[in-house]
């Protein structure tokens, strides 16, 4: 068996096209285009790349993208004041603050200051809590994107044993909640987990998000399992690899996300979907 690649680039383009059609219909109906505010503090090169891709994606689908590039010397008070301003801006449907933030700024304070109905990253405790209670509104982008990928490939989740490796607030924890909602029996593994291999070997679906190259040996993957690799790591050679040993895993899996071109593009596609949802549901007068 050789696994079928799950093509995140293709699916993300489909999602963007669907959103672009909805934007066009809104504008033709005399309604304003959705607006996204993207806030970058400091000059972290990786953050600049991510922010650039998000801004381009917005413009492609017809959103109004407002950019706020702040110096690394920006204080927490100044950043919170900007968020207050954006919360009150009737033409902004989503507020995205690129993480990580410089030392001296508490990311929790910042994320909690964003109005839950403009929290298009899905990080606000209110939105995570809604997901936990099975009534999601704005959902965390990477886990939402993964669910979209699995859905578009008609991969049945109900009744499957899913193992999530990694327990971060951005991916692992909300991913666990998404999989519970989808009907999986879900195990979350983290740095204190004993016998990681034993857990992975039992999984019908493995989602790995630890940020360590080739962390999960391909031979651990059960025959016919689905592998979702969230990691993106650059080796000294310059090659990009995931958190799973791809070539070996592909011999056992039924479906696998490649790196690059798997999960990555779906994160931005989900951000676009969330902004559209916020605009239609929360900021359009019925």
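Cβ atoms here come from the backbone N, Cα and C positions, even for glycine.
Taken from Swiss-Prot, the feature NADP(+) binding site covers 166, 167, 168, 232. Within the same chain, residues at least six positions away from residue 232 (NADP(+) binding site) with a Cβ under 8 Å of its Cβ are 240, 242, 259, 260, 264.
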Site extent for NADP(+), whole Å (max Cα pair distance, 166, 167, 168, 232): 16
Which of 166, 168, all binding-site residues, has a Cβ with the fewest other Cβ atoms inside 10 Å: 168
Cβ-Cβ neighbours of residue 167 (NADP(+) binding site) (radius 10 Å): 18
